[in-house]
Amino acid sequence: MSGVNDTHKAAALGSQRARSVVVNFIAWAVIAVGILVVVSWVLDIEAGKHILPGFQSMKFNTALCLIACGLVLWRRAPASASASDPIAAFLALFILVISGLTLFEYGSGWPLGIDNLAILDTATAPERWPGRMSGATALCFSLIGTAWLISMIPMRHSTLIFQLFALAVAIISAAAMIGYVFGVREFRLPLFSTMALHTAVLLVLCGLGMLLVRPGEGLMSSATSRYIGGRSLRRLLPFIAVTPILASWLSMQGVLAGHYSDAFGFALSSLSSILVLGFVSWLGADALNCEEERFRSTIDASPVATVMIDQGGIIRIANRLVHSVFRYPDHGLVGLSVQQLLSEPLRQSHEGYRREYMRNPTQRILGVGRELFALRQDGTEFQAEIALNPVQTADGRYVMAAVVDITDRVAAEQKILRLNRMHKVLSGINTLIVRTETRDSLFEGSTRIAVEDGELPAALIVHYDSNLQQCKILHGHAAEEQVETRLLIGPEVDSIRECVQQNCVVVRNNLAGDPGDDDPADLAKLGIRALAAFPLASNNHKPEVALLLCGRESFFFDEPELKLLLEVAGDISFAMANLDKSQELAYLTHFDKVTDLPNRLLLTDRLQQAMLQADSYQGNVSILYMDLDRFKQVNDSFGHAGGDEVLRRVAERIGECVGKADTVSRWGGDEFIVLLPGQSAGDAAGVANAISEALHSLIVLGGSRELFVSCSIGIAEYFHKSSDVDALINSARSAMSTIKEQGGNNYRHFVSGGDQASDDGLELETSLRQALGQKQFQLYYQPQIDIVSGRVLGLEALLRWHHPTQGMIAPNRFIPLAEKTGLIIPIGEWVLREACSQVATQHGLKVAVNLSARQFHQKDLVAMIRRILDETGMPPANLELEITESALIYDVELAIATMEQLNDLGVSVSLDDFGTGYSSLSYLKRFPIDMLKIDKSFIDEVTTDPDSNVIVKTIIVMAHSLGLKVIAEGVETKEQLTMLREHGCDQAQGYLIARPLLCQEALEIAAQTFVVPTS
């Protein structure tokens, strides 16, 4: 198209240049003749006045006006000429004045003296008005001057009026020329009396030149058009102008020669005019027919179905393709209403739309963004796009409508969209496979991706039981709830059965047309018109699971889509196989292959968890370490297969003797370990006895071979933070080895350091019970300072035991024993009373006392504290109770109630060893506490370990956001104290400030101010 447009532009530019050359030539020719005549009058050269011998002389005023006409034409010739041209306006006005005054002289008979104003005409007789131009000449000049002045006025029809005046000039002067052709020098009409031939020629040229100034507007637009009308007019115009004159002249010559009469001459002239007009009409009709044929050929050759519609909605032109698209016979559409081509739902609204469009016609495309259906003659419909383009012609306004059947394109687009969605499903499944860890998550994610990304109505993963011939939906996802919560019906069950049993893809693309389907109507109500089932098999096993996909349309699953869905099913199968292998590997990592019991790795992990829980809740943990007696003889007698069978039987019998919370594991070889959380060594002895009795029962192998099995069992109990996993297991193994050495078939408790160690433990318990009555306990105090000012704000009371024979016994040795035996209750009450008694008189100095979990959960705790405060006179505001996190987590609601009662009493509560237990922000917000104490383990590494530094800083920020104060324990270096101060910690205690001191020494320190380093 751009090439055609460029060609048209080049042709138009060439025509414009040619017309400009012609106009300039006419202008300069007229100017040259006018100047020649003026010079001849000035120099009195007779030949110059006549131009050619035998011509009448041209008057001086006529020559001046011709010069002015030529100059105006020259100045107005360029297309870029300005509308306001003062020089041109002056020249036009000059022409109009001279010619107008001359006409006034003719009309009034009054000589105004302008005829011989510049040059005296002596050659013309007085009765013929010497020096005056003829009336026809003056009229032509008046028309020319007026036309130029009108063209310079910005008015609506100025160009048309200008061209009408120019045409009048050309016609008047041409009439004078024709008179000369027929030998008429003077007409009987005074108007054409004496116009000189050369004047007539020049005026004709002026008129034509003026018409060519604006050729694309007004009257000249038809003559200069590049269409058939303009081209025909330009070809025939010379013939039309010359032929009648020539025919009439010949006819006149025949009459003058006496060949025929005047009447016959007139008849001959009339006949020739008829022939000329007929021939011209025939040529015009032929040209129009050729153009019409070319137009219709072009329309018929158009690759787009096209119709032209008038304002009434009637089809006026329709090409061959549109007849083919709408299945009408040739020429069958012309004259029909366009509504007959629209589907019934669109006809009602079309009339209003057509009227509105014709009021403001613009280029539009219908059928984009919304579906538009057209109607064929046979009643079938097709989806279409219609491009509307308004056309304005001489006989009215029309609309060209290009109709495109987009049925195939829409189908192709839908196919591409479906394939893109399936590619998206495939990509989503691949992403899912990477991060999924279980079959449930794989199946759930796969069905969800198939529905959401694939835009399917439903996707299900179904297990088919071949024995029961039943289907069970493992996971399903649907776009609508009613589809997701339904039961499988006939076609779906049949598809899944065939898919699983034959291990093949089953596609039902037209449920409504399949006579084998039982319930196609029910599926159609759910928007399901096609089904596809894909087998899902892992590790090349026979499939028991199928992926069932539903389609919204009949023939939804075509070949390209099925290929992609096969890849989807293959990826899911691959993921299933991977998950099976991973689960098998995970099982073998944590379970024994022979007995299916937890192995060493899993037992160690569970034992660590049990020990941590025991530390948190002051519970018990015991283990049994078992070794089968004389198992080597079993292997030698029955072989390794028999030995494995014995191990399985032993595992079963051990499992029958323990509870659900207990763990039986195979430690290795013929060794087993039984984990008994929450049970003491005494309870473990009962379990060991039951296992021994269970193993004494006869074991039968292979239906005939019998044997008895016994075992040696070592029992070890875990005390609070007394040992690690390896130490506990070694303790149990040690006890088992002792039984082994003694002949086996028995159990034994582990005693540290031999038999005497057990007695030592009992002796320590006995001494602990006597210590309180014999006043062997003593309180030490460690100062707590304000980290900014260095002022001592409080003291923490620390219990020490001075044994009369063993000296100072470490708290981590006797405190767990006191917890276990319950002695912590009276000891704790003594500590609380003693601390209040010693510090009661120290106003403004707080004392912090630790409460064990067992103390905290006493029913009469608050009453006991109130009683002590009353007895000692200790202000409640000076007493702070430190409680560990484990004591609170045991029963959260009870802990909150107890702390609220303590707060009501006026006693403050702080959380001790924060960060080492089960810290929960949600619980922390609920507990009515006043302070957090950061555990020493974090303070030790706050300046060396970035992670500990971050933890400490986070605890401080979090506590302050909850309105709590923070104290750090175990501060031993200036660097630690400086960093704590930078982090905004409130208080600190530790060896850097002071070691635990007796009461009097601590009170003396409390009166001092500690110098806190600032950097």
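Cβ coordinates are placed from backbone N, Cα and C, and glycine is handled just like the others.
What TrEMBL says about a protein is an automatic prediction, not a curated fact.
Here is what TrEMBL records for this protein:
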| type | residues | note |
| --- | --- | --- |
| DOMAIN | 368-418 | domain 'PAC' |
| DOMAIN | 619-752 | domain 'GGDEF' |
| DOMAIN | 761-1010 | domain 'EAL' |
| TRANSMEM | 21-43 | transmembrane segment |
| TRANSMEM | 55-74 | transmembrane segment |
| TRANSMEM | 86-104 | transmembrane segment |
| TRANSMEM | 133-153 | transmembrane segment |
| TRANSMEM | 160-183 | transmembrane segment |
| TRANSMEM | 195-215 | transmembrane segment |
| TRANSMEM | 236-257 | transmembrane segment |
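Counting residues 6+ beyond its ends, the transmembrane segment (160-183) has Cβ neighbours under 8 Å at 136, 139-140, 143-144, 146-148, 150-151, 192, 195, 197, 199-201, 203-204, 206-208, 210-211, 214, 217-220, 245, 248-249, 252 in the same chain.
Beyond the transmembrane segment (55-74), the same-chain residues lying 6 or more positions past its ends with a Cβ under 8 Å from any Cβ of the stretch are 23-24, 26-31, 33-35, 37-38, 41, 46, 49, 87-88, 91-92, 94-95, 98-99, 102, 114-115, 118-119, 121, 123-124, 131-133, 137, 141, 144, 148, 194, 196-199, 202, 206, 209-210, 213. A contact between the transmembrane segment (21-43) and the transmembrane segment (236-257) is absent, since fewer than 3 of their C-beta pairs, 6 or more residues apart, lie under 8 Å. Tertiary neighbourhood of the transmembrane segment (195-215): same-chain residues 19, 22-23, 26-27, 29-30, 33-34, 51-52, 55-58, 62, 66, 69-70, 73, 76-77, 133-134, 136-137, 140, 144, 147-148, 159, 162-163, 165-174, 176-177, 180, 221, 223-224, selected by CB-CB distance under 8 Å and a gap of 6+ residues from either end.
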